[in-house]
C-alpha cells in the first residue's frame with residue numbers, strides 16, 4: 001500500500017471511530033471558554049477555529065465565551081494606565097472599563113469571529129450588552145482580619161457577577177445555525193458596564209442553556225493531585241474533598257468552583273482541558289482519551 005493510501009486509510013479509520021461520538025452529541029450544546037495559550041499561538045488559533053466549524057458541521061452546537069486579560073493588560077500599559085488586582089480580579093475604574101470594552105468587544109471578539117468565519121463557520125460576536133445577554137450586578141468583595149469586628153468592603157469598581165442570561169437570544173442564534181461568540185461584559189440594571197471573569201460567564205451560560213458540556217481551555221494538563229499526576233475523571237463529591245484537603249488551591253480554585261457549580265446547576269459535565277494541545281476540543285469530544293480533567297455528577301463507586 002502506498003504512503004498516500006496509508007494516510008487515506010488512517011483518515012477513514014479515525015472518521016469511522018468518531019461516528020458513535022458524533023451521534024451522542026448531535027443537537028447538543030457545548031459551551032467552550034476560550035483563553036490562555038490557545039488564543040496566542042497562530043497554529044492553535046487556527047486549530048480552534050477549525051474545530052469549532054467542524055463541530056457545527058456535524059450537528060453539534062458550540063457556544064464560545066472568550067477571555068482577553070493579556071490583551072487588556074497590553075493596551076493599558078500602552079496607554080500608561082496602571083493595573084491593580086485584588087484577589088486575582090482586575091480593579092476596574094471607569095477609564096479601565098472603557099479599555100476592557102474596547103479590547104474584549106472590539107478587538108478580541110471580532111478577531112475570533114473573523115477567524116471562525118474564514119474557516120467556513122457563521123459566527124456572531126456579542127457582548128453582554130446585546131439584547132441584555134448577560135445581566136449583571138456589582139460584585140461585592142470583602143476582607144476581614146482577626147482584628148476586625150466587621151468585614152471591610154473593598155471597592156474594585158466595575159467588576160460584576162452574573163444575574164441572568166438571555167437564553168432566548170442564544171437559542172435563536174443556535175437554531176439559525178450561527179455560532180455565538182461572547183465577550184464577558186455584563187450590563188447592569190441602569191445600563192452600566194461590568195467586567196466579569198470569563199470562566200464564570202461560561203459557567204452561567206452553560207447552566208442557563210442546560211448544556212451537555214462546559215469546556216474550560218487552560219494552560220495546564222488538567223487538575224493534578226499532590227504528586228503531580230493528572231486526575232482524568234472526578235465526581236462532584238471528589239472535587240469537594242480535594243478542595244477541603246487543600247489539593248485544589250490558589251488560582252485554580254475559582255476555575256474549579258465554576259466547573260463544579262455548572263455540573264451542580266444541570267450541565268452534563270465540566271472539563272478542564274489543556275488548550276496547548278492541538279485539536280484539544282475534538283480529542284475530548286470524539287475520543288475516550290481526552291486531554292484534561294472531567295467533572296461529572298456520577299456517583300462514586
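Cβ coordinates are placed from backbone N, Cα and C, and glycine is handled just like the others.
Per Swiss-Prot, substrate binding site is recorded for 68, 69, 90, 195. Spatially close to residue 68 (substrate binding site) yet at least six residues away along the chain are 35, 39, 103, 104, 107, 108, 183, 198, judged by Cβ distances under 8 angstroms.
Under the DSSP three-state reduction, residue 33 (site 'Transition state stabilizer') is assigned to strand. The Cβ of residue 33 (site 'Transition state stabilizer') has 30 neighbouring Cβ atoms from other residues within 10 Å, across all protein chains displayed. Swiss-Prot lists 33 (among others) with the feature site 'Transition state stabilizer', giving sequence analysis as the kind of evidence.
The site 'Transition state stabilizer' annotation in Swiss-Prot covers 255 (among others). Sequence-distant neighbours of residue 255 (site 'Transition state stabilizer') (same chain, 6+ apart, CB under 8 A from its CB) are 199, 216, 218, 272.
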Nearest of the binding-site residues (69, 90, 195) to residue 33 (site 'Transition state stabilizer'), judged by Cα-Cα distance: 69
Among 69, 90, 195, which are binding-site residues, the residue with the most C-beta atoms within 10 angstroms of its C-beta: 195
Other residues, Cβ within 8 Å of 68, 69, 90, 195 Cβ centroid (substrate site): 67, 72, 73, 92, 100, 103, 104, 198
Farthest-apart CA atoms of 68, 69, 90, 195, residues recorded for substrate, distance in Å: 12
DSSP three-state assignment (helix, strand or coil) for residue 255 (site 'Transition state stabilizer'): helix
